[in-house]
């Protein structure tokens, strides 16, 4: 319970895309990004290096690459708009940078959903020293 309280307090100080990304993951993949993907494999969570360990970790690798292509705003804090139409997430708004961040998050959430069968608990809190291989290019 204490951990949940700490997480809640930390989230209060975070605005924009990271909170929205969590909400998209919950809406699309029906899982908590925080408790399922924040420390998974070599790429899910802060930073990322080495080779993705499985298809789920590869979703995070692609998401990191997508964020790396965002240049006109900070993808971790840019607040964007989206809607749901016929069961699909549609990114909106007039700001192309924020829309790009939304697309990165949308694609990752769909990837997580589509790869739920590949999720392997052995990659949760995967030791970083196991992520030393040369990464593939974005």
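Counting begins at 1 with the first residue displayed.
Every residue gets a Cβ built from N, Cα and C, even glycine.
Under the heading signal peptide, Swiss-Prot lists 1-16, citing experimental evidence as support. The disulfide bond annotation in Swiss-Prot covers 42-131, 44-60, 59-111, 65-138, 66-104, 73-97, 91-102 and is backed by similarity to another entry. According to Swiss-Prot, the feature Ca(2+) binding site maps to 43, 45, 47, 64. What Swiss-Prot records for 63, 105 is active site.
Swiss-Prot feature annotations superimposed on the structure.
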{"residue": "43", "record": "Ca(2+) binding site", "DSSP class": "coil"}
{"residue": "63", "record": "active site", "DSSP class": "helix"}
{"residue": "73", "record": "disulfide bond", "DSSP class": "coil"}
{"residue": "111", "record": "disulfide bond", "DSSP class": "helix"}
{"residue": "131", "record": "disulfide bond", "DSSP class": "coil"}
{"residue": "138", "record": "disulfide bond", "DSSP class": "coil"}
Between residue 111 (disulfide bond) and residue 64 (Ca(2+) binding site): CA-CA distance (Å): 13
Nearest-integer angstrom distance between the alpha carbons (Cα) of residue 44 (disulfide bond) and residue 59 (disulfide bond): 8
Chain-internal residues near residue 102 (disulfide bond), provided their CB is under 8 angstroms and they sit 6+ positions away: 17, 20, 80, 81, 82, 91, 92, 93
Spatially closest candidate among 43, 45, 97, the listed recorded positions, to residue 60 (disulfide bond) (Cα to Cα): 43
Rounded distance in angstrom between the Cα atoms of residue 73 (disulfide bond) and residue 63 (active site): 16
Nearest of the recorded positions (43, 65, 104) to residue 111 (disulfide bond), judged by Cα-Cα distance: 104
Pairwise CA distance, residue 63 (active site) versus residue 43 (Ca(2+) binding site), rounded so that it is a whole Å: 9
Spatial separation of residue 42 (disulfide bond) from residue 105 (active site) - C-alpha basis, Å: 18
Distance check against residue 65 (disulfide bond) for the recorded positions 45, 47, 104, keeping those with Cα within 10 Å: 104
DSSP three-state assignment (helix, strand or coil) for residue 105 (active site): helix
CB-centroid shell, 8 A cutoff, Ca(2+) site 43, 45, 47, 64, site residues removed: 42, 44, 46, 48, 49, 60, 61
Pairwise CA distance, residue 131 (disulfide bond) versus residue 43 (Ca(2+) binding site), rounded so that it is a whole Å: 9
